[in-house]
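Novice: Pasting in a structure now, in structure tokens, and then I'll have a few things to ask.
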Amino acid sequence: MATQAIVSSSPKVLRVAVVGVGLVGGEFINQLLGFPSPNPFRLVALTSSKATLFAPDGLSITPSGWKQELARSGLKPDLTFLSRELSALVRPGQDVVLVDNTSSNEVAALYPQFLKSGVHVITPNKKAFSSSLSLYDSILSASVESGARFLNEATVGAGLPIISTLKDLVATGDKVTKIEGVFSGTMSYIFNEFSTAQAGGPSFSSVVRIAREKGYTEPHPGDDLNGADVARKLAILSRYIPTLRAALKDGYQSVSTKSLVPPELESVQSGDEFIEKLPAFDAKFEQMRAEALKEKKVLRFVGVIDVQSGVIKADLEKYPVSHPFVTALGGSDNIIMFHTERYIARPLVVQGAGAGAAVTAMGVMSDLLKLV
Ligand SMILES: NC(=O)C1=CN([C@@H]2O[C@H](COP(=O)(O)OP(=O)(O)OC[C@H]3O[C@@H](n4cnc5c(N)ncnc54)[C@H](OP(=O)(O)O)[C@@H]3O)[C@@H](O)[C@H]2O)C=CC1
Ligand SMILES: N[C@@H](CC=O)C(=O)O
Ligand code: NA
């Protein structure tokens, strides 16, 4: 009988640094610490806007204790320090990952620096990928230069496989002709509750308040209501479509976008103040709801990328109650339809919860697992 060679290889371990420990960040840390054994991840850094913890061989923290540990840390957050320390940890067979769970432009602007030094970047933060083409290009070239990867599945549809589906369609040679759908968990929740086949219903401001309490909104709910969150998602997806890659040089701001923020509230800086002042504008939204219902329709906030015409827009539209954007959706659900040359008879459809801490953190975890 032939002797079989026994090949022993130690399992790959990834060092993970987390910046941003809010709703999504907190849930992500708990999912990471609770990963089934053998856990391939070592949490080496936690950084909030006020403090940081760092231990190159892994922090000794627990799901119930990390918040206290971080609050007790005397170390102030310092992204330059973090970048230097993480790049020093990169070596053959030892991968290091930055997970950015903030919505910060400042952190996003540093991705090229982290990537250049070989640190992978994973994030649900839309800022870098939906901003100027020059930042996007420098992220791509830094990744190509070092081989470090940037993964951003949770930036569109939270945990739903939207970016991976689009990448697969394009990489296998399919031609995308149109992508359309409900891309915002917040807008989905708001209009699923506010605009139904029945007359009357809750006030607009009350459903916005609940969407925020459920953790669907951006840190400032005005960033959802002004359409910017949907415009950013459309910009991110457009860049994966070869003919549209360079269409939005200045980023999401070039997407034609309908804002639902009353002009009087545009300059309100705090999310709390915004929520407090919104009830004064309920009558205007009630009128929009009643006008749609007169036509036997309901309101839905949708996004469209029409590849052939080059139109990319985020808008509030009226739909008959038999439309899939009405019948198929509840809660914070997203629905995204990919029309392609291969999926010509009926679109490829991805649907499910598109916001909330658990499903977003799962999208970030699924990216992390792609590196193991
Ligand atoms: N919530 C959801 O359903 C989804 C969220 N996302 C994205 O996930 C990201 C996080 O969202 P969410 O958790 O809801 O937001 P939160 O506001 O709950 O969390 C963001 C955290 O980032 C911290 N932060 C901001 N700037 C810095 C910085 N420079 N260094 C360290 N920490 C910083 C904030 O701290 P502080 O409060 O002290 O300022 C805050 O705790 C956002 O980019 C959002 O767009 C994506 C998909 C779905
Ligand atoms: N605020 C966003 C969160 C996910 O991207 C949304 O409501 O969809
Ligand atoms: Na996703």
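Cβ coordinates come from backbone N, Cα and C, glycine included.
Caution: TrEMBL annotation is automatic and unverified by curators.
Positions annotated as active site, proton donor by TrEMBL: LYS233. The feature NADP(+) binding site is assigned by TrEMBL to GLY20, VAL21, GLY22, LEU23, VAL24, GLY25. Here TrEMBL flags THR102, LYS126 as NADPH binding site. Positions annotated as L-homoserine binding site by TrEMBL: GLU218. TrEMBL lists 20-151 with the feature domain 'Aspartate/homoserine dehydrogenase NAD-binding'. Per TrEMBL, domain 'Homoserine dehydrogenase catalytic' is recorded for 161-369.
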Novice: So which recorded positions are near VAL21 (NADP(+) binding site), with CA atoms within 10 Å, out of THR102, LYS126, GLU218, LYS233?
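Specialist: Those near VAL21 (NADP(+) binding site) - Cα within 10 Å - are THR102, in sequence order.
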Novice: Compute the mean position of the Cβ atoms of GLY20, VAL21, GLY22, LEU23, VAL24, GLY25, which form the recorded NADP(+) site, and then list in sequence order the other residues of that chain whose Cβ is within 8 Å of it.
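Specialist: Result: GLY26, GLU27, PHE28, ASN101, THR102.
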Novice: Filter the recorded positions THR102, LYS126, GLU218, LYS233 down to the ones within 10 angstroms of GLY25 (NADP(+) binding site), Cα to Cα, kept in sequence order.
Specialist: THR102
Novice: What's the most sparsely packed of the recorded positions LYS126, LYS233, counting other C-beta atoms within 10 A?
Specialist: LYS126
Novice: Do you know which of the binding-site residues GLY20, VAL21, VAL24, LYS126, GLU218 end up with C-beta under 6 Å from ligand 2?
Specialist: GLU218
Novice: Helix, strand or coil for LYS126 (NADPH binding site)? Use DSSP.
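Specialist: The three-state answer is coil.
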Novice: Across the domain 'Homoserine dehydrogenase catalytic' (161-369), what is the average pLDDT of the model, as a whole number?
Specialist: 97
Novice: Reported as an integer number of Å, what is the Cα distance between LEU23 (NADP(+) binding site) and GLU218 (L-homoserine binding site)?
Specialist: 10
Novice: Who sits close to VAL24 (NADP(+) binding site): which same-chain residues at least 6 apart have their Cβ under 8 Å from its Cβ?
Specialist: ASN101, PRO124, ALA154, ALA357, THR360, ALA361, VAL364
Novice: Measuring CA to CA, name the entry from the recorded positions GLY20, GLY22, GLU218, LYS233 that ends up nearest LYS126 (NADPH binding site).
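Specialist: Going through GLY20, GLY22, GLU218, LYS233 one by one, the Cα closest to that of LYS126 (NADPH binding site) is LYS233.
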Novice: Among the recorded positions THR102, GLU218, LYS233, whose Cα is within 10 A of the Cα of GLY20 (NADP(+) binding site)?
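Specialist: Checking each Cα against GLY20 (NADP(+) binding site), the hits are THR102.
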Novice: Among all protein chains shown, how many Cβ atoms are found within 10 Å of the Cβ of GLY22 (NADP(+) binding site), not counting that one?
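Specialist: Other Cβ atoms found within 10 Å: 16.
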Novice: If I restrict to non-local contacts, at least six residues apart, and a C-beta distance under 8 angstroms, what lies near THR102 (NADPH binding site) in its own chain?
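Specialist: Counting only residues 6 or more apart in sequence, the Cβ neighbours of THR102 (NADPH binding site) under 8 Å are VAL19, GLY20, GLY22, GLY25, SER49, ASN125.
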